[in-house]
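Colleague: For reference, the structure I am asking about is given below.
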There are 2 protein chains.
Amino acid sequence: MALNYPNGQRYQSVKAPQNKKVLPKTQSFANRGMTFEQMINESNDYYLAKGIAVIHKKPTPVQIVKVDYPKRSAATIKEAYFKQASTTDYNGVYQGRYLDFEAKETRNKTSFPLSNIHQHQIEHMQQCLSQQGLVFLLVYFSTLKECYLLEAQDLLVWWNQKETGKKSIPYSYFQEHVALVPIRISPRIAYLEIIDKMLDRRL
Amino acid sequence: MALNYPNGQRYQSVKAPQNKKVLPKTQSFANRGMTFEQMINESNDYYLAKGIAVIHKKPTPVQIVKVDYPKRSAATIKEAYFKQASTTDYNGVYQGRYLDFEAKETRNKTSFPLSNIHQHQIEHMQQCLSQQGLVFLLVYFSTLKECYLLEAQDLLVWWNQKETGKKSIPYSYFQEHVALVPIRISPRIAYLEIIDKMLDRRL
């Protein structure tokens, strides 16, 4: 099981050889050694630097309990807890449009388990949709190295079927009905190309 | 001097009488005992509950250094530091439009010191403006109980004059040229009324 720090960074055992770069045979150039979150952050950095869009990941929400204010040095947080986020992780602006999305990675090859999504994220997506935001989910099948952009409207259809026992979205549904996001060198996850097509379709 | 915790909550001395509510004579009903941040958060809660807009304050960015994972209980952050935010504090969506703003409070009665604003916030505002976002600064003169919505375009004019020695925006400028935001019971800070006027003007 791959372990991540709460900030999304891949956990590395201290025993791992730090200087020896071993590329697994199945890993492509575009995303070697990167978590999906890092790939998205890099893409957002690219979009920002090129003046294409302003999209940021929100900071991890933390409940701060105890802070030390030592003289002459920075305040140190001595006790804090991770809080449940009340929104999705990413939002921003692209050509005047409000963009809002969540990014999820799965090692599963046959389906995307809906347990990856939380009720409060669904509610936030619904709220943003009713304000005409562009809302979606980026799903990365890490074993297959494929990223899909699932529009929130479609995600909601699946979510509402959860009660009937359908607890995951089959991979075949993604293949047949969901936009495949190009993975490039930069931007790594070229999701705005899919947004362009969405906007073209709406005009 | 009023001290706030880094999360914006008003610092209260442990000696303060907790149960005795003393209303200063000059404090209006609409904002008694609340920091400006709390008033804005309440307004955003109101807008969200009424389905008017989806605007959230971003979590305080924290650099997490050490986390304890005790068995059977929640992970505890044992060492962390406050990080400089790379964006403004608030953003969201209103009728398909991207909204982005920073909120600042001053006890100064004669001017708003530009030292309240950081270079990185100005840069973020410029980036959002170039993506046609609705970008602004809410300035609260806490002694006067007046809130103004200064459009980012106008803030930038003042910011660019800083080099010439103008290090603050006179209160008289706000009175004559800046939109006064209605302070109500709910929403406390009715800033979307000013946004409506901005949008009307642009049509």
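Using the three backbone atoms N, Cα and C, a Cβ is placed for every residue, glycine included.
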Colleague: According to TrEMBL, B:Thr87, B:Asp89, B:Gln121 bind Mg(2+); which of B:Glu79, B:Glu102 is also listed for that site?
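Modeller: My reading of TrEMBL gives B:Glu102 as the candidate in that site.
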Colleague: In TrEMBL, which of B:1-20, B:21-40 is labelled region 'Disordered'?
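Modeller: Region 'Disordered', as annotated by TrEMBL, spans B:1-20.
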Colleague: Determine, to the nearest whole angstrom, how far the Cα atom of B:Asp89 (Mg(2+) binding site) is from the Cα atom of B:Lys104 (site 'Transition state stabilizer').
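Modeller: Taking the Cα atoms only, B:Asp89 (Mg(2+) binding site) lies 10 Å from B:Lys104 (site 'Transition state stabilizer').
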Colleague: Which ones, of the recorded positions B:Thr87, B:Asp89, B:Glu102, B:Lys104, B:Gln121, are Cβ-proximal to chain A (under 8 Å)?
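Modeller: Qualifying residues, whose Cβ lies under 8 Å from chain A: B:Thr87.
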Colleague: Determine the most Cβ-crowded residue among the binding-site residues B:Asp89, B:Glu102, B:Gln121, using a 10 Å radius around each Cβ and all protein chains in the structure.
Modeller: B:Glu102
Colleague: If you count Cβ atoms within 10 Å of each one, which of the recorded positions B:Thr87, B:Lys104 comes out on top?
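Modeller: Its Cβ has the most other Cβ atoms within 10 Å: B:Thr87.
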Colleague: How many whole Å apart are the CA atoms of B:Lys104 (site 'Transition state stabilizer') and B:Thr87 (Mg(2+) binding site)?
Modeller: 14
